[in-house]
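The ATP binding site annotation in Swiss-Prot covers Gly14, Ala15, Gly16, Lys17, Ser18, Thr19, Arg120 and is backed by sequence analysis. Look at Swiss-Prot and you will find Ser18 tagged as Mg(2+) binding site, backed by sequence analysis. According to Swiss-Prot, the feature substrate binding site maps to Asp36, Arg60, Gly82, Arg139, an assignment based on sequence analysis.
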Amino acid sequence: MTQTSNIILIGPMGAGKSTIGRQLAAALHLPFRDSDKEIEKRTGVDIPTIFEFEGEEGFRNRESAMLEELCTEQGIVLATGGGAVMRPQNRALLRDCGLVVYLKTSVKTQLRRTARDRNRPLLQTENPRARLEELMRIRDPLYREIAELTVDTDRDSIRKVVQEISRYYRMNNKDSIPQDDSNTEPQGDG
């Protein structure tokens, strides 16, 4: 981990990066950023619209630029898109940006968590399971390559995942955050 106090959440769609990221940020009293949401704010359109008009390459260009911008901030929890690790320059950037945490989940869990979400352009296919398996085969080694910490989100509650990351972060970043533990319990146990 670098001297910055950022926490970067990586992993496949449906791993819980946004949900866990918000609760982790609240527990650590840090601002939360979601790179996909920041892209949507900046462009004024949703991710599927960007894919429709610019293709995946256009979206990945926007994503790389947004990650560069967000990594200039210090003391944030950042949820990245599932494909952010596809470009070598993004992997290098994220590794240098802070503590990289791989939120690992199974394809079965991904399917359950994303079944009704039409905001996932890569899953708009006849066989979402096959697509998720293909993405996992390609991306899992890339997530592992840059992760300092890997947490399985299949077996633990949101609360336990947040506690595990918080504990690791505090042990390795003692001077960067307040040590007041009075309000570090996340809400819900999802």
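Heads up, the Cβ atoms here are built off N, Cα and C, so glycines get one too.
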Using the residues the record lists for substrate (Asp36, Arg60, Gly82, Arg139), what whole-number Å value is the largest Cα to Cα distance?
18
Within 10 Å of the Cβ of Gly82 (substrate binding site), how many other Cβ atoms can be counted across all chains shown?
22
Given the substrate site Asp36, Arg60, Gly82, Arg139, its other Cβ neighbours within 8 Å of the Cβ centroid, in chain order, are Met13, Glu63, Thr80, Gly81, Gly83, Ala84, Val85, Met86
On a C-alpha basis, identify the one among Asp36, Gly82, Arg139 that is nearest to Gly14 (ATP binding site); the candidates are the binding-site residues.
Gly82
Cα-Cα, whole number of Å: Asp36 (substrate binding site) versus Ser18 (ATP binding site)?
10
So among Arg60, Gly82, Arg139, all listed as binding-site residues, which is physically nearest to Ala15 (ATP binding site)? Use the C-alpha atoms.
Gly82
Among Arg60, Gly82, Arg139, i.e. the binding-site residues, the one with its Cα nearest that of Gly16 (ATP binding site) is Gly82
Candidate with the highest Cβ count within 10 Å, taken from the binding-site residues Lys17, Arg60, Arg139
Lys17
Which chain-mates of Ser18 (ATP binding site) that are at least 6 residues away have a CB under 8 A from its CB, listed by sequence?
Asp34, Lys37, Ala79
Out of the binding-site residues Arg60, Gly82, Arg139, give me the one sitting nearest to Thr19 (ATP binding site) by CA distance.
Gly82
CA pair Gly82 (substrate binding site) / Lys17 (ATP binding site), Å rounded to integer, equals 9
